[in-house]
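Colleague: Summarising the annotation, TrEMBL assigns transmembrane segment to A:12-39, A:51-77, A:83-104, A:124-145, A:151-178, A:199-218, A:224-249, A:261-282, A:302-327.
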Amino acid sequence: MTPFLPGDWLPMIFAGLMAVAILAYVVLDGFDLGVGILLETVAEEHERDRMIAAIGPFWDANETWLVLGVGLLLVAFPVAHGVILTALYMPVAIMLVALTLRGVAFEFRAKARDAAHKRRWDRWFFAGSLISALAQGWMLGRYVLGFAEGWAALGFAVMAAIGLAIAYAFIGACWLIWRTEGALQAHAIAWARHALWPVALGILLVSAVTPLVSARIAARWFDWPGIVMLAPLPILTALLVFGLARLLARMPLAEDAWHDIPFWGGTGLFVLFFAGLASSFFPYVVPERLTIWESASAPESLSIILAGAIFVLPVIVLYTVFAWRVFGGKARDLTYY
Amino acid sequence: MEPILLARIQFAANISFHILFPTITIALGWVLLFFKLRYVGTKNEAWMDAYRFWVKVFALSFALGVVSGITMSFQFGTNWPGFMEKVGNIAGPLLAYEVLTAFFLEATFLGIMLFGFKRVPGWVHTGATFLVAFGTTMSAFWILVLNSWMHTPVGFEMRDGVAHATDWFAIVFNPSMPYRLSHMLTASGLTVAFLLAGISAWRWLRGDRAEGVRLGLRTGIVMAALLAPLQIVLGDLHGLNTLEHQPAKVAAMEANWETRGNVPLVLFALPDEAARENRFEIAIPNGASLILRHEAAGVVPGLNQFEGNHPPVAPVFFAFRIMVGIGVLMLLMGWAGAWYLWRRGSLPKLMLRGFVAMSFAGWAATLAGWYVTEIGRQPWLVTGVLNTAQAAGPLPASSIGTTLAMYLVLYTALMVAYIATIFRLAHAGRAADKVDGVMLKPGSAPGDATRDKMGEELTA
């Protein structure tokens, strides 16, 4: 089979697809991991049940985006996959164990023998969610600094780990504002308020560090014409943070108006942050080491995947929207039938 | 230990743990669709009772399959980077198609299948059940295409030491794919048949005489009686296909050291690889020649033809006997069970206990079968193209050993929790049958929804 596009384009398209998959994963599994992190902050069992119910129909499909993201890295950029996953071997293994615990805790808690067992699975659910988030943040921190060694780099990774866990807790709280009501919603609003500023600080920190460690990235952001092209990202981020802070300060509004806006605003923050990182690192898939062209698979193979993806991805989006509509509105108790 | 050995043990542990759950969900998805359609057709509430119980087992198995599958998707790259470097152009698209056409489908519609009963019209719920079953089967299709291609690679050419696809149709429909796929799908069917029969028999023995339990038992036994003979035929065809394409594997399965005619069928032996002979052999004269060549004098290739280039004999030899032994037992149990159901309408106690004992027999047979085919492919990872040793990565033994220990602890704990939970669900099924209505929380037991309400919504 011959490629139906110029060979240079395919790696670009796949880098774009992979970025979309990873972004979708971070937002989507981010909110359900965040709800897991917040699970131990509520005291009432029925509220925990409601929190779980708010993510129950979604988490499985959300996690599939991780498989797609890593799968695309594996099949489209196999060399980069090897470098990245070898460098991140231990945090990846820890994340996998944590994700496993969380995924099964969801099922086991729903089928627990008694309240004590259910409580024990709650704790596993919380621990699995938190450790997954920390491990992913650690990986982000290591990746951003190009897997640099030394205490400063490790310190940065620790901060990135904590930062991402707080960011997940934030978007999880925003999801609960949308999907719950009453005392639980008030609790979520309080958490979203608390978490917003650390999230903003984290974004600021990563934005400050990346140009400091790489002259190439600094030049891209601060030299002409990059400074104009990229200026909207920080400006929009700042506006969004202050807008969200004002909105959260006044919530809940009468008749639960705008209850979904914090979640979409939080999603906006994730998208802007991700766009900023992508602008910094493009065209590298391993920072400062491997470009997307250097690590891409053969064009024939990429084009046969693309041919399928063009038909299938819109269908996936369609039925995902359908499932979201079926489970729209405030979370009700989950029943199997 | 050598890093490569640790990497192999780790990958084997992971994939062995993982395959248990798809083996259940592939066929159980279709069984659930059958229960749902019978309910729609007969309006008999008992079918819905069976659905409600088994959908929980499905949800639990599916979750374990998903999480262990995510681990797999990372281990492809971490444990076998050489695999993707050499044959990534072929393996990559096949894996990508699995994610795109199967994973999202099953994961998204699973939500509607599990929790959407009251939110969508009845036909949408039935449709979601179908799409989940279809998705699990699609997933099996793509992964078995890739696995079969690794056994019998065709449709590619080597350029600069890297495989490039030349004919995708040939790659997908490679010589061993139809046999391996049908053998595996039937294995899934048999695993679920004995799980249905075993757990239902356990409930029945404990005095749970709900009609849904009886229907589960009957469905399981009928499936077993139909699928066990089919599986034996498919297994034989698969074996002949292997003889054609991977004769070294068949020689190891039969522990046949010399190429010759009148090869006996070895029932038991201790293969001694150093001396290249069998000890304590019990064999049927001419048996292997008759099975593989359909004549007593038929010449069967022996291990001497592949010296230094054949799989380890003992594990393949024993795993094959375990698989076949369980298969024969399944046939006997399935037919005996069906005979009792047909003639007496019920099963004697001893037979019910036998089914309980065989609840997870399908797992043992499936694993044994996979060990035969995967160890039997050694020393190749992709037959004739890539050695397992060449595909290993640069990771030190200490890293692999640490994570291996983590996974083993985790998988042992999860296995205990999984089996305990299934039996507890079976136990809780009874208590809940008497309660009508209330308990609508995720922690509640099966059979506790308001029945009339459900009926209303289904007809609405």
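Here the Cβ of each residue, glycine as well, is placed from N, Cα and C on the backbone.
Can you walk me through where each of these features ends up in the structure?
Modeller: Here the transmembrane segment (A:83-104) has long-range neighbours at 33, 36, 59, 63, 73, 124-125, 127-132, 135-136, 138-139, 142-143, 147, 286, 289-290, meaning same-chain residues at least 6 beyond its ends whose C-beta is under 8 angstroms from one of its own.
Residues 27, 30-38, 51, 54-55, 129-130, 133-138, 140-142, 144-145, 184-185, 187-189, 191-192, 195-196, 198-199, 201-202, 205-206, 209, 251-252, 259-260, 262-263, 265-267, 270 of the same chain, all 6+ positions outside the transmembrane segment (A:151-178), place their C-beta atoms under 8 angstroms from a C-beta of that stretch.
Remote same-chain partners of the transmembrane segment (A:224-249), defined as residues 6 or more beyond its termini with a Cβ less than 8 Å from a stretch Cβ, comprise 189, 192-193, 196-197, 199-200, 203, 207, 258, 261-262, 265-266, 268-269, 272-273, 275-276, 279.
Residues 15, 19, 22-23, 26-27, 30-31, 144, 167, 170-171, 173-175, 177-178, 192, 199, 203, 206-207, 210-211, 214, 217, 220-221, 230, 233-234, 236-237, 240-241, 243-244, 247-248, 251 of the same chain sit 6 or more residues outside the transmembrane segment (A:261-282) yet have a Cβ under 8 Å from a Cβ within it.
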Colleague: So if I exclude everything within five residues of the ends of the transmembrane segment (A:12-39), which remaining residues of that chain have a CB under 8 angstroms from its CBs? That is, six or more out.
Modeller: 5, 48, 51-52, 54-55, 58-59, 61-63, 65-66, 68-69, 72-73, 76-77, 102, 122, 125-126, 128-130, 132-133, 136, 165, 167-176, 188, 191, 263, 267, 270-271, 274, 278, 282-283, 285, 292, 296, 302, 305-306, 309
Colleague: Sort out the residues at least 6 away from either end of the transmembrane segment (A:51-77), same chain, that have Cβ-Cβ distances under 8 Å to it, and list them.
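Modeller: For the transmembrane segment (A:51-77), the sequence-distant neighbours (Cβ-Cβ under 8 Å, at least 6 residues beyond its ends) are 11, 14-15, 17-18, 21-22, 24-25, 28-29, 31-32, 35-36, 38-39, 42, 84, 99, 103, 106, 109-110, 125, 175-176, 179-180, 184, 285, 292, 295-297, 301-302, 305, 320, 323-324, 326-327, 331-334.
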